[in-house]
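Undergrad: Feature list, courtesy of TrEMBL:
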type: BINDING; residues: Thr73, Ile74, Thr75, Arg80, Lys338, Gly388, Thr389, Val390, Thr391, Arg392, His393, Asn406; note: NADP(+) binding site
type: BINDING; residues: Thr75, Ser92, Pro93, Asn94, Gly95, Thr96, Ile97, Arg98, Arg107, Arg130; note: D-threo-isocitrate binding site
type: BINDING; residues: Asp330, Asp353; note: Mn(2+) binding site
type: DOMAIN; residues: 7-461; note: domain 'Isopropylmalate dehydrogenase-like'
Amino acid sequence: MKIKGGAVVEIQGDEMTRIIWDLIKEKLILPFVDLDIHFFDLGIQNRDATNDQVTVDCAYAIMQHNVGIKCATITPDEQRVSEFGLKQMWRSPNGTIRNILGGTVFREAIICRNVPRLVPGWSKSIVIGRHAFGDQYKATDFVVPGPGKLEIKWTPDVPDQAPIQHQVFHFTNPGVALAMYNTDASIKDFAHSSFRLALDKKWPLYLRFMSKDIQAYGQGYSGSWAGIFGFMDIRVMAGIFGLMSRIFGFMGRDIRAHEQGIFGLMGKDIWVHGKDIGVVGEDIGYFQARNTILKKYDGRFKDIFQEVYQAEYKAAYEAAGIWYEHRLIDDMVAYAMKSEGGFVWACKNYDGDVQSDSIAQGFGSLGLMTSVLVCPDGKTIEAEAAHGTVTRHYRMHQRGEETSTNPIASIFAWTRGLAHRAKLDSNAALAHFCQTLERVCIETIEAGHMTKDLALCVKGS
């Protein structure tokens, strides 16, 4: 007898994940659960045929039914426009859905005991909360053609308010410029989603923002680090990740003078040989607070989070024995590397995009990561796989070649979406089904039955 489920919005996608998606639904979901499925095909051809209206309709359906379960989709570039003969370069469907629903994307590693971790101390998972609105992803940038003034101006809609105008820079030669934004309402939504998730998991919540040390790094020496990461052995990635915070602190603008020593360490254990470039007898851990380089911008995130916490969550957090802290980026990275995991890490948009992949790799595989958009109302979510459409395997499939594609994240998209449906409906049977399916997936991998990507992680070749 099938388990009775409620309404869910199923969102079909593209390429290899589309094929896997149908197999998961036919073999693992529908034989056991009777669902009220509202289906939307977000395959690139259908988005093009509907002028992307299907994506908008899908988002509003998720808003109505509170649960979306999404397959990976193509975000077209110029090559894809040509390949599919598209009318235009359609926007990311994920971005369109997020802009309508709001909320925060939470990504969490799926832990299997036999998949080795690049950070061995992580015994518990780490949830990355990405504020998926504004910042660099909605920025206006342009190439400055020559000498001149760069100004920024806010013009109020209300006539009794004075405009605000600043001269940003006076160019004496060509360059580049960028302006980005965020809103109080969106930051508050981000805060509520983050606080609720941490409270549900009974884990502490950390908000990270940028310290002044990153300025020297970002402005002058990205080329140096591109060289380092281009040659870096993956075994030392975790060490480099944690060591960065110290490098920022003691090298500053003299980083080029230390390049030879850093390159000499490639392929060695950074934790052991850190003394060779000046980290002598220091624990890679906490830093004292410093002024932020974006005092108003990042400061607004910090202030709003603190206000929301004090007004609405402090008592509940104290009763649960958990806490909220804001930390500078270098402090937070160092803390994360030393910790055992077991916390929620709230990041601004770009930081969350980057750190989610770093955390996934630290736990062993980018193919073992859940991704859930949690909306501010606390009722609406959209679950999906954190990876793309696996184009390379799809090309092999089209040629009739055998493929070995990891389905775990797509399976967990179904289970996380259905688990939320179970929570909304107080459906214990459906919740148990989701827990069982997730456990069986993990036990299968731990028993040695896995796809090629995981076998390479476990066996090394």
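Each residue, glycine too, has its Cβ placed from N, Cα and C.
Provide an account of the burial state, proximal residues and distances for the features listed.
TA: Reduced to three states, the DSSP call for Lys338 (NADP(+) binding site) is helix. The Cβ of Lys338 (NADP(+) binding site) has 14 neighbouring Cβ atoms from other residues within 10 Å, across all protein chains displayed.
Cβ contacts within 10 Å of Ile97 (D-threo-isocitrate binding site), excluding its own Cβ and spanning all protein chains shown: 26.
Its Cβ placed at the centre, Asp353 (Mn(2+) binding site) has 18 other Cβ atoms within 10 Å.
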Undergrad: Would you count the other C-beta atoms found within 10 angstroms of the C-beta of Asp330 (Mn(2+) binding site) for me?
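TA: Other Cβ atoms within 10 Å of Asp330 (Mn(2+) binding site): 24.
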Undergrad: Nearest to Thr391 (NADP(+) binding site) by Cα, among Pro93, Gly95, Arg107, Asp353 (binding-site residues)?
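TA: Closest by Cα: Pro93.
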Undergrad: Around His393 (NADP(+) binding site), how many other C-beta atoms are within 10 angstroms of its C-beta?
TA: 21
Undergrad: At the level of the C-alpha atoms, what whole-angstrom distance separates Thr75 (NADP(+) binding site) and Pro93 (D-threo-isocitrate binding site)?
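TA: For Thr75 (NADP(+) binding site) versus Pro93 (D-threo-isocitrate binding site), the Cα atoms are 7 Å apart.
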Undergrad: By CA-CA distance, flag whichever of Thr73, Asp330, Lys338, Asp353 among the binding-site residues is nearest to Pro93 (D-threo-isocitrate binding site).
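TA: Of all the candidates listed, Thr73 is nearest in space.
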Undergrad: If you measure Asp330 (Mn(2+) binding site) to Thr73 (NADP(+) binding site) at Cα, how many Å is it?
TA: 34
Undergrad: Measuring Cα to Cα, how many Å separate Thr73 (NADP(+) binding site) from Asp353 (Mn(2+) binding site)?
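TA: The separation of the Cα atoms works out to 17 Å.
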